[in-house]
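**Q** What TrEMBL shows for this protein is this:
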type	residues	note
ACT_SITE	Asp137	active site, proton acceptor
BINDING	Pro86, Ile87, Ala88, Ser89, Gly90, Leu91, Gly92, Ser93, Ser94, Ala95, Ala96	ATP binding site
DOMAIN	60-145	domain 'GHMP kinase N-terminal'
DOMAIN	210-270	domain 'GHMP kinase C-terminal'
Amino acid sequence: MKASAPGKVILFGEHAVVYGRHAVVTAINLRCYAEALKSSTFRIESPIATTSLDFEKHPYVSYAIKRFMEVKPIDGVKIKIESEIPIASGLGSSAAVTVAVLKALDAEFDAGLSDEELFELARKVELDVQGRGSGTDPFVSTYGGAWLIPERKPLDLGEFRMLIVNSGEESITSEMVAKVARLRDELGDVVERIFDVIDTISLKAFAGEGEISRLMAVNQCMLKAIGVSTKRIDEIVEELEGLGIAAKITGAGGGGSVVGVGSDEALQRAAKLFSGIIVEPEREGARVED
Ligand SMILES: Nc1ncnc2c1ncn2[C@@H]1O[C@H](COP(=O)(O)OP(=O)(O)O)[C@@H](O)[C@H]1O
Ligand SMILES: C[C@@](O)(CCOP(=O)(O)O)CC(=O)O
Ligand SMILES: [Mg+2]
């Protein structure tokens, strides 16, 4: 059986959300597709590699199968993955592949998982691989839509278009989350206060208070302060702002993507200049594909 799950854009609150602060997040119209077929052995085919269960080359997929087997033991499965979501780019490719694989396993082996049970398994997989995580990505890949996290308050973004510019540098979430944890251990209250500022920004943005471009600019400054921006990301942000586009890191940073918000005309022009893509909110989460 084949299933899919969407990627996501964190508009506000990444990293702070790992420590219980608010984030504003939306699923986007880029999806990861996974096919699961009963088999007597384990095989995983993806754009990355073809392996058996392999916790090095396919950590999220292998842990997803392992976690699924706690619910329903199986003798083997062949998993085939295709994805529209750039890998290690801050768009939640890890959660999307995890949720898509779990949804495909659920359908192929008729495990009868509810959305909440699917999310819980995906959240465990995120922790298995990353050690730390807010569960934001697994939640929004499972349920789709746009939300204020952690209360799961829905947000109607309508056709809110977002520009995604890839920095060309890989963003390895587990490494960036660990880097921020080290800084927090070192600076303690300083980092907590930065998280409080990001928390307030997310709440203001959700309430429609304050100019979104200012909120994004301050959020980006806070992400730079906790060490997850790069020279290239700073350049992209500055150049986009010069084109009248509000811009910030989306996701773990340390590379990956910058999200831009502005007029359709400005976004189209910038997409051409930066070879970026324009994405839209996605209402649908994990689903079985016909
Ligand atoms: N299409 C895919 N096929 C197999 N694994 C994938 C795929 N997309 C993402 N992954 C897994 O997710 C990891 C990237 O996750 P992460 O570092 O969290 O970046 P992102 O910001 O994309 O979530 C990859 O190293 C790989 O293990
Ligand atoms: C940095 C963080 O806030 C988001 C990570 O997003 P991504 O894996 O870079 O798409 C981590 C988390 O919320 O668990
Ligand atoms: Mg990730």
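Using N, Cα and C of the backbone, Cβ positions are placed for all residues, glycine too.
Bear in mind that TrEMBL entries carry predicted annotations, made automatically and left uncurated.
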**Q** How many other Cβ atoms sit within 10 Å of the Cβ of Asp137 (active site, proton acceptor)?
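**A** Counting Cβ neighbours of Asp137 (active site, proton acceptor) within 10 Å gives 31.
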**Q** Within its own chain, what residues at least 6 apart in sequence put their Cβ under 8 Å from the Cβ of Pro86 (ATP binding site), listed in sequence order?
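**A** Long-range Cβ contacts: Ser93, Asn166, Ser257.
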**Q** Within the same chain, and leaving aside Pro86, Ile87, Ala88, Ser89, Gly90, Leu91, Gly92, Ser93, Ser94, Ala95, Ala96, name every residue whose CB is within 8 angstroms of the centroid of the CB atoms belonging to the recorded ATP site, in sequence order.
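**A** My list of surrounding residues reads Gly7, Ile85, Gly251, Gly256.
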**Q** Hey, which of the binding-site residues Ala88, Ala96 is the loneliest by Cβ count within 10 Å?
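**A** Lowest Cβ count within 10 Å among the binding-site residues (Ala88, Ala96) is Ala88.
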**Q** Count, for each of the binding-site residues Gly90, Gly92, the other C-beta atoms lying within 10 angstroms of its own C-beta, and report the residue with the smallest count.
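**A** Candidates: the binding-site residues Gly90, Gly92. Fewest Cβ atoms within 10 Å: Gly90.
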**Q** What whole-number Å value do you get for the CA-CA distance of Ser94 (ATP binding site) and Asp137 (active site, proton acceptor)?
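**A** Spelling it out, the Cα of Ser94 (ATP binding site) and the Cα of Asp137 (active site, proton acceptor) are 8 Å apart.
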**Q** Helix, strand or coil for Ala96 (ATP binding site)? Use DSSP.
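**A** Once the DSSP labels are grouped into three classes, Ala96 (ATP binding site) ends up as helix.
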**Q** How do the residues of the domain 'GHMP kinase N-terminal' (60-145) split into helix, strand and coil according to DSSP?
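**A** So the domain 'GHMP kinase N-terminal' (60-145) is made up of 52 helix, 7 strand, 27 coil.
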**Q** Quick one: DSSP breakdown of the domain 'GHMP kinase C-terminal' (210-270) into helix, strand and coil?
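**A** For that range the per-state counts are 33 helix, 10 strand, 18 coil.
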**Q** Please check the binding-site residues Ala88, Gly90, Gly92, Ala96 against ligand 2 and give me the ones with CB under 6 A, sequence order.
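**A** The qualifying binding-site residues are Gly90, Gly92.
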**Q** Please give me the CB contact count at 10 A for Ser94 (ATP binding site), counting all chains in the structure.
**A** 30
**Q** In whole Å, note down how far the CA of Ala88 (ATP binding site) lies from the CA of Asp137 (active site, proton acceptor).
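**A** That comes out at 13 Å between the alpha carbons.
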